[in-house]
């Protein structure tokens, strides 16, 4: 029989994402409504290792649902890969008699929760908090929709100036090795060309396509590309030399992570926060939460990381390509 849960801690780890505060708020208030004690860990796994644990109450999470970032703070802490570091983290949790941990973050954060579950049998629930939308077991991650809105707004503005100056604009969008954000932003922003990790970069094909469109009377172009695929400034120089059109690269960068979360992310994060507490109350641990076909679901976090694969959004890519 699972141990009764009386105290829960929550942390945010890795890159911040709009909606993390809403998720923290959901966990905190749901826990308090169940009569549980709730703690916050500042600065992610780094803070857990360094005993940065604070008690939380309802007022701790007042007026944060609309705020971007994470009021608990976040940090990347690669040292957590060391089992001795994880042992110390478990000792800190035991010091406060914390029975379970809710981790909000991306795949690196999930890996930390997986190891705590796998090695120590410690009850962890993972909530997908990343703008990259690259987490298995969920259609959407917390922060993705807000980042998409930010990217589309940037593309809209670039289209105005690109059209006016007959310019080629290259827009680098976050996502690491996942093209979801780029594909959706390209479709919503009407980009002429889409380059994502799942399909690769074929410069010759890109040049041929741009040349063909210019011959047909096209006077400008917007290229959406996922980060880390190439040096976009070098690509801009190559295209300008090839076509004689002014070509500029814009790296959206961390602006995509900031800003007030959109309603979708606030709702998703709040629902997931409540759901995480419900799962712990039901005796579940070692799970990761997702939303699939509009329904909240949970998966074994070890199985999810080891065996599940994130499907490529082929239908959206094809639609964006056909409409380019």
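Residue positions begin at 1 at the first shown residue.
The backbone N, Cα and C atoms fix where each Cβ goes, glycine too.
Annotated features, as they stand in Swiss-Prot:
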- 15, 76, 77, 106, 107, 108, 109: ATP binding site (BINDING)
- 25, 26, 27, 28, 29, 159, 190, 191, 192, 216, 218, 219, 220: ADP binding site (BINDING)
- 107: Mg(2+) binding site (BINDING)
- 130, 131, 132, 167, 174, 175, 176, 227, 248, 254, 255, 256, 257: substrate binding site (BINDING)
- 132: active site, proton acceptor (ACT_SITE)
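When the Cα atoms are compared, residue 107 (ATP binding site) and residue 257 (substrate binding site) turn out to be 16 Å apart. Over all protein chains present, the Cβ of residue 174 (substrate binding site) has 26 other Cβ atoms lying within 10 Å.
When other Cβ atoms within 10 Å of the Cβ of residue 192 (ADP binding site) are tallied across all protein chains shown, the result is 19. Take the binding-site residues 107, 132: by the count of other Cβ atoms within 10 Å of each Cβ, the lowest one is 107. Contacts of residue 106 (ATP binding site) defined by a Cβ separation under 8 A and a same-chain sequence distance of 6+ are given as 13, 14, 15, 128, 129, 130, 132, 134, 135, 141, in order along the sequence. Here the binding-site residues are 27, 255, and the one ringed by the most other CB atoms within 10 angstroms is 27. Maximum intra-site Cα distance, ADP binding residues 25, 26, 27, 28, 29, 159, 190, 191, 192, 216, 218, 219, 220: 59 Å. Rounded to a whole number, the C-alpha distance linking residue 190 (ADP binding site) with residue 77 (ATP binding site) is 38 angstrom. Taking CA atoms as the reference points, residue 76 (ATP binding site) and residue 220 (ADP binding site) are 40 Å apart. Here the candidates are the binding-site residues 25, 176, 218, and by Cα distance the one nearest residue 77 (ATP binding site) turns out to be 176.
Ranked by Cα separation from residue 25 (ADP binding site), the binding-site residues 108, 174, 248 are led by 108.
Residue 176 (substrate binding site) is 27 Å away from residue 220 (ADP binding site) when you measure Cα to Cα. A straight line from the CA of residue 109 (ATP binding site) to the CA of residue 174 (substrate binding site) spans 18 Å. The binding-site residues under consideration are 176, 218, 257. Their Cβ neighbour counts within 10 Å are lowest for 218.
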